[in-house]
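According to Swiss-Prot, the feature compositional bias 'Polar residues' maps to 30-40, 192-210. Summarising the annotation, Swiss-Prot assigns compositional bias 'Basic and acidic residues' to 41-51, 77-91. Annotated domain 'bZIP' per Swiss-Prot: 83-146, in sequence order. Positions annotated as region 'Disordered' by Swiss-Prot: 1-106, 186-210. Annotation source Swiss-Prot lists region 'Basic motif' at 85-138. The region 'Leucine-zipper' annotation in Swiss-Prot covers 139-146.
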Amino acid sequence: MSCDMEKTMSSVDSLPATPASEVPVLTVSPADTSLNSADVKTQEVKPEEKKPAKKRKSWGQELPVPKTNLPPRKRAKTEDEKEQRRIERVLRNRAAAQTSRERKRLEMEKLENEKIQMEQQNQFLLQRLSQMEAENNRLSQQLAQLAAEVRGSRANTPMPGSPATASPTLTPTLFKQERDELPLERIPFPTPSLSDYSPTLKPSTLAESSDVAQHPAVSVAGLEGDGSALPLFDLGSDLKHHSTDDVAAPLSDDDFNRLFHGDSSVEPDSSVFEDGLAFDVLEGGDLSAFPFDSMVNFDSEPVTLEGIEMAHGLPDETTCKTSSVQPGFGASTTRCDGQGIAAGC
C-alpha cells in the first residue's frame with residue numbers, strides 16, 4: 001500500500017506545472033451583486049412601452065363641424081362635446097396667432113420706416129458736415145492771409161518820431177497830495193475891481209436925523225463878535241472922501257420898519273421884498289439898479305469904527321439905557337440876527 005502511495009505522489013510530481021496566471025480566481029466582486037443588470041433591462045423595455053408622439057396637424061387644415069352645441073360654461077362629458085371644445089380651442093388659437101402676426105407685421109413696418117428716415121437724416125447730416133468743414137477750411141485760409149497782411153503792414157509802417165506823452169498814472173502819492181489840506185493863504189481869491197460895483201443906493205439917502213438914545217443904529221460888527229467888521233453897504237474907495245456923517249448916520253423907525261418889517265398896515269404892501277427891503281427906497285423903484293454885491297465889502301482891509309466919532313450915530317455904550325438894551329419879544333438873547341442888526345443899542 002505504501003508503494004501505491006509513493007507511485008501516486010511520483011505521478012503528481014511528474015505532471016507539468018501550470019502558470020499562476022492560468023489559475024482561475026474564485027473571488028466575488030461587488031459589481032456582480034449590484035442591480036445594474038436589472039436597470040439595463042428596464043431601460044431596454046421602456047422605449048418599447050412608450051406611446052408614439054402625437055403628430056401635429058398642418059396649418060390651415062379644415063376642422064370638422066362639431067356635432068354638439070355645448071354652452072360655453074358647461075363641462076364637456078361626452079366625446080362629441082370634447083371634440084367641440086377642441087375645435088373651439090383651435091379656432092381661438094388661430095385667431096390669436098393671426099392677431100399676433102398682424103401686430104408684429106405693423107411693428108416691423110414702423111421700424112423699417114423709422115430706419116429709412118434715420119438713414120436719410122444721417123445722410124443729410126453727413127453732407128452738411130462736409131459743407132461746414134469745407135467752409136471752415138476756407139475761412140481759416142482767409143484768416144491766415146489777413147493775419148499775414150496785417151503783420152506785413154505793421155512791418156512796413158514807420159515808427160512815429162516822437163512818442164506820445166504817457167499819461168500820468170494814478171499813484172498813491174497823487175491821492176495823498178489830493179488829501180492834503182491846502183492852507184487858505186495859498187488859495188487865490190479873485191478880487192473884483194471897485195469900479196465894477198457902483199451902488200446906486202447910499203446910506204445917506206436912507207438916514208434921517210433922530211434921537212440916538214431912543215432908536216437903534218445899524219451894527220457893522222460881525223455876527224460872531226470876533227472884532228471883524230462887516231459893513232452893510234460897500235463904500236469902496238469913497239469911504240475916504242465922504243464925510244463920517246454919511247457912514248454912521250442912524251436909521252429912523254420908519255426906515256427900519258420899511259427895511260426889515262415892512263408896512264404894519266392890515267393890507268400887505270406888494271412892494272416889500274422877502275427880506276424886508278422896500279422897493280420905494282430905491283431910485284425909480286428899479287430892483288435891477290440895486291445889486292446885491294453892493295451889500296458886500298470886497299476890500300481886503302475891513303472897515304473899522306476906530307476913527308469914527310461916537311456922536312455921529314454910534315453912541316457910547318455907557319450912554320445907553322438899560323431898557324434899550326433889552327431885546328424885544330421873540331428876539332435872540334445870545335447873538336444878532338442874520339441882517340446884522342443888534343438886539344440892543
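Easy rule for this one: first residue shown is 1, then count along the chain.
For all residues, glycine too, the Cβ spot is worked out from N, Cα and C.
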Taking every residue in the region 'Leucine-zipper' (139-146), the average pLDDT works out to 96
For the region 'Leucine-zipper' (139-146), the DSSP helix/strand/coil residue counts are 8 helix, 0 strand, 0 coil
Looking only at the compositional bias 'Basic and acidic residues' (77-91), what are its DSSP counts of helix, strand and coil residues? 13 helix, 0 strand, 2 coil
